[in-house]
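**Student:** The structure is given below, and queries will be raised subsequently.
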């Protein structure tokens with residue numbers, strides 16, 4: 001019967017002139033030959049709502065990191081803040097992120113992915129309301145810390161949740177959508193923040209959180225988390241919601257349960273499954289290194305203070321920020337469409353090379369400006385450098401988080417996520433706070449330093465990062481952390 005169905009489907013496709021299409025039992029739908037994309041027929045409304053929920057989380061993430069750039073001058077004027085006080089406000093997001101990152105893995109493992117989303121929404125909406133209605137700097141900073149705490153956890157939670165509810169054929173595409181939403185959130189802040197008062201902008205930023213509150217009612221828990229805590233009936237129900245009532249989820253459910261059971265059997269056999277085991281050292285150092293070097297490469301400085309950087313380079317802040325927003329959005333969308341074809345490694349390499357070159361170009365701009373050389377051309381170089389930097393970052397920004405979800409099994413994923421996010425946010429905090437002071441030391445020198453760290457990241461990616469496209473999470477983890485170790 002199945003063979004007849006396959007032959008009938010392929011005859012129909014051929015008669016319609018689609019000779020490059022074929023029936024794919026593995027994909028439960030229609031495949032495209034010659035390495036093309038796969039059209040998965042069992043994309044359900046529940047899966048769509050789940051992805052939209054995660055997208056709301058990451059859009060809010062982008063709103064938080066992009067808020068300080070267009071509001072710097074107005075907040076300093078209205079609340080009478082000094083440069084040091086605003087630097088504290090801009091960088092204090094990273095302090096909250098440090099706290100959130102330190103517990104991100106444990107809290108999502110303890111409460112589950114879905115309940116953690118509920119908790120984060122309280123901090124997210126509360127943080128923006130504190131900023132919108134503040135009359136004193138301490139409440140402004142408290143709201144910013146609350147948003148940072150949300151970002152520290154959601155930066156781990158959103159890609160983990162998407163990776164655990166999607167199939168291998170669409171996992172990376174939907175995960176990269178999350179990064180598009182981060183860029184879109186930051187872009188929203190850049191554009192709208194140039195037009196409205198900073199208090200109004202804070203109120204508008206609560207919208208993704210309010211939308212998420214409604215969506216959470218309709219989405220399932222992560223099937224892999226349910227398997228890990230022994231709730232097998234709920235696991236099968238969640239898979240049916242995600243794959244459709246008519247989908248055959250038995251093989252997928254069995255694979256998930258067997259993988260989780262094999263991890264538990266190691267513990268019962270006397271082997272303590274722990275993130276610091278030898279077999280996890282290489283992937284842990286790889287992802288930690290990528291996150292640390294990305295932050296030392298200046299991303300927080302560019303995101304938090306891009307408006308001020310444009311002005312110091314002699315460019316209109318509004319024009320620069322709006323163009324920056326458009327660049328981030330376009331490149332983010334491009335990334336989500338090509339990553340399945342190119343894979344993770346090539347995209348990461350192109351991105352890190354672009355970050356290295358654009359940081360160097362921005363440094364050259366300020367070097368020329370310091371010596372009053374080529375006054376007419378240096379603003380153009382600065383404009384190109386900033387756009388190239390943010391575009392390069394948008395090309396692969398979500399991939400380190402995706403690698404955490406792919407490289408580590410469920411029993412150590414929480415610990416790995418906490419360590420990676422904590423280390424990344426620690427260096428992000430340092431860069432975010434000291435950037436304004438370092439530019440007074442040497443504007444050119446700090447961007448040349450950023451370029452050197454981006455170069456080191458390129459070398460790390462080229463030598464350490466594995467390619468993971470086209471494989472299930474269980475297949476990836478089995479190949480990278482074999483049980484024989």
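Every residue gets a Cβ built from N, Cα and C, even glycine.
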**Student:** In TrEMBL, which of 380-404, 405-429 is tagged transmembrane segment?
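**Tutor:** Transmembrane segment, as annotated by TrEMBL, spans 380-404.
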**Student:** Quick check on the annotations: TrEMBL lists transmembrane segment for one of 4-28, 79-103. Which range is it?
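**Tutor:** Checking TrEMBL against the ranges 4-28, 79-103, the transmembrane segment one is 79-103.
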**Student:** Does the structure show the transmembrane segment (380-404) and the transmembrane segment (174-192) touching, where I'm treating 3 or more Cβ pairs under 8 angstroms (sequence separation 6 or more) as a contact?
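**Tutor:** Yes, the stretches contact each other.
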**Student:** May I ask which of the stretches 79-103, 174-192, 198-219, 347-368, 441-462 has the most CB pairs under 8 A with the transmembrane segment (145-162)?
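**Tutor:** Looking at each of 79-103, 174-192, 198-219, 347-368, 441-462 in turn, the most contacts to the transmembrane segment (145-162) are made by 79-103.
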**Student:** Would you confirm whether the transmembrane segment (309-335) and the transmembrane segment (46-67) meet the contact rule of 3 or more C-beta pairs below 8 angstroms, pairs 6 or more apart in sequence?
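**Tutor:** Contact absent: fewer than 3 Cβ pairs fall under 8 Å.
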